[in-house]
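Peer 1: Handing you a structure now.
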Amino acid sequence: MASPAIITAVRRAILLLALLVFLGNIMMWIMMPTDTYYNDWLLHILAHTNSTFFGIQGPIMLDFTFPILLIAVLGCIYLHLGKRKSSITESKRDTKLRFLKRPMIVRGLGIVTVTELALFTMFIALCVWYSADYVRHWFKQVPVLSTTRGEKEWESKLDRVGLVAGIAGNLCLTFLFYPVSRGSSILPMLGLTSEGSIKYHIWLGNIAMALFTAHGFLYFVYWGFTNRLSEMLKWDDHYVSNVAGEISLVCGMAMWVTTYPTIRRKMFELFLYTHYLYILFIIFFILHTGIGFACIMLPGLYLFVIDRYLRFLQSRQKVRLLSARVLPCQTIELNFSKSRGLSYKPTSTIFINVPSISKLQWHPFTITSNSNLEPETLSVIIKCEGSWTRKLYDVISSPSPIDHLQVSVEGPYGPATTNFLRHDMLVMISGGSGITPFISIIRELIFIRSTLKCKTPKIKLISVFKNFSNLSILDLILPTSSYSSNSGNLDLQIEAYVTREKGNLKGKFEPSRTICFKPNASDEPISPALGPNSWLWLGAIISSSFTIFLVLLGLFTQYIVYPIDQNTNKLYSYTKKASVNMLIICFSIVIAASGAFLWNKKQSAKEAKQLQHAEESTTIKSSEDIELESLPLESVTKSINVHYGHRPNLKRILMEIKESNVGALVGGPKEMREDVAAICSSGQAENLHFESISFTW
């Protein structure tokens, strides 16, 4: 096995190579609207890449598709090597660049760090440059266009501006799918998670739809002034299809409208189901522009389709639900069987579907268990905060509970690394459901302290609850009674605030109730979709599927398209070519991903049988066993200070901490996160470092 120093050197080399490839790709975006690109670069590219196998589509894929897929494969290798590094090593990395994660904006756009603001500014600058230079380039054509079409110059300029708006929207669309590709290698290679990157998807989606809407509106106005409204009904089989573009725009606007915060919050199901229109949006977008131009935005979509299909394959499996714990605060803990080969980091999330409640709804929840402490179980906490969770709670907590519940999952998804050990002290501030990621972090620190015998930071947990009964959630901090003694080694202080009740109400709520289920023989433990070497398998899927795509595309172009089109890109049907390309892409991904998934499923089936035999040989818990589950709370409550009738003064608490390196982690309402981020970025306390935490409940 290679030494840690060699692995670190190889990972750095991979990062450097990926960075160089990405910078080269960005350079192509910068140069694309310039005269130099059209009059010099493009001619040389076409001269050296012109082929009867790929036609004009070949050089576009070489410039824009291949580099990003190469980065994704490099990311898979980088992350696979990173799995060999311990959490101790990765947490001791250099902190000189920590200022790059300091919040710069805490209101309006959400919490935006220095790095995020810099990258967002550069992206906006790229969009402005891209649009402005295209306008300059195409305004040169206005005199010829106006003469040829018999229209006024300002009308031709309106046509060109509308075209530029659509092209700029495609630039946003190129990056739109990366944040929602949950299992992609690109986000974790950058130290990001899908849950934490949703805001980028929102930003890009809003900009893209604003540009696409402007694109459609300007063309409607242009056609109206030039008496060519009949163009709205035109499906040009050898150029741009207007009807396909209009269908795509309608689907996009339907999705865009339902993302309005009030609609999404009050009518979540409408938002959810409307978002499935993205399939029609993409299909008709490609039919509108043609596959050649669509190849510019293809890599993000390609990686998303791979991720989405793998999620589909995993979601077809029914998982083994072992037990549920019903807490007195309308909260339940679900405990699933998992394979030992499945490992995940603290704050990871998993998506859960219960067909008996809804076949289409998938809800994310933060995993509270620890894959080191609990190698064969995975736990999540679910609180009644919506119609779906209410129905689930009612089913499980009913006086005559069911003995089996059919459940499917996707995931887990989480950060590639954690860096909690770099701090001298961790201040965890939670509001309501925001405590769930901190349970997983505390359990990880318990493992590091008790098993690896390493120094861990001090922990101060500040939990804000509405009612006294919510304090029962603290019962879930420790995984089992066997670790209650080890928890004493942690320097853990808990400050609980009950805001809507006054006085000491200790003992007022009833103890939790545990319900054991009887899994079906067909239920399987939760296991990684691509096995323990999932990153290597994902890299193999990306490379092999793209190879299959290139081979099939080459055969299709050589023997069907080229005899008719002769590389003119004018004679063969755009619609047929785009449709066949989409089918080939889907076929290639299905073949490669299905093969990898089925191979790993066969391997994990052996472990699943062994685990099932072990579970069957274990007797059902007695009442004494269930009583032991409440012991951790008793050991933890000795270090709890409960405050009634008021909220914590977070600024005062944070400012009074004297440790030199304090990590401030917040899970809770948006206002709470923004308040703490503002305190940490105010400059009044240089020892405070805000850490972004994603949570779902």
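The backbone N, Cα and C atoms fix where each Cβ goes, glycine too.
According to TrEMBL, the transmembrane segment annotation covers 12-32, 64-83, 104-132, 202-223, 243-263, 275-305, 425-446, 535-560, 580-599. Residues annotated as domain 'FAD-binding FR-type' in TrEMBL: 314-419.
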Peer 1: With pairs closer than 6 in sequence left out, are the transmembrane segment (243-263) and the transmembrane segment (535-560) joined by 3 or more CB pairs under 8 Å?
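Peer 2: Counting Cβ pairs under 8 Å, fewer than 3, so no.
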Peer 1: Mind tallying the domain 'FAD-binding FR-type' (314-419) by DSSP state, helix then strand then coil?
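Peer 2: The composition, in the requested order, is 13 helix, 40 strand, 53 coil.
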Peer 1: Among 64-83, 104-132, 243-263, 580-599, which stretch has the most Cβ pairs under 8 Å to the transmembrane segment (12-32)?
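Peer 2: The stretch with the most close Cβ contacts to the transmembrane segment (12-32) is 64-83.
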Peer 1: Short question: most Cβ pairs under 8 Å with the transmembrane segment (104-132), which of 64-83, 202-223, 243-263?
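Peer 2: Checked against 64-83, 202-223, 243-263; highest Cβ contact count belongs to 202-223.
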Peer 1: Could you tell me what the rest of the chain brings near the transmembrane segment (202-223), counting residues at least six beyond its ends with Cβ under 8 Å?
Peer 2: 109, 120, 127, 155, 158-159, 161-163, 165-166, 168-169, 172-173, 175-176, 179, 229, 231-232, 242, 245-246, 249, 252-253, 255-256, 259
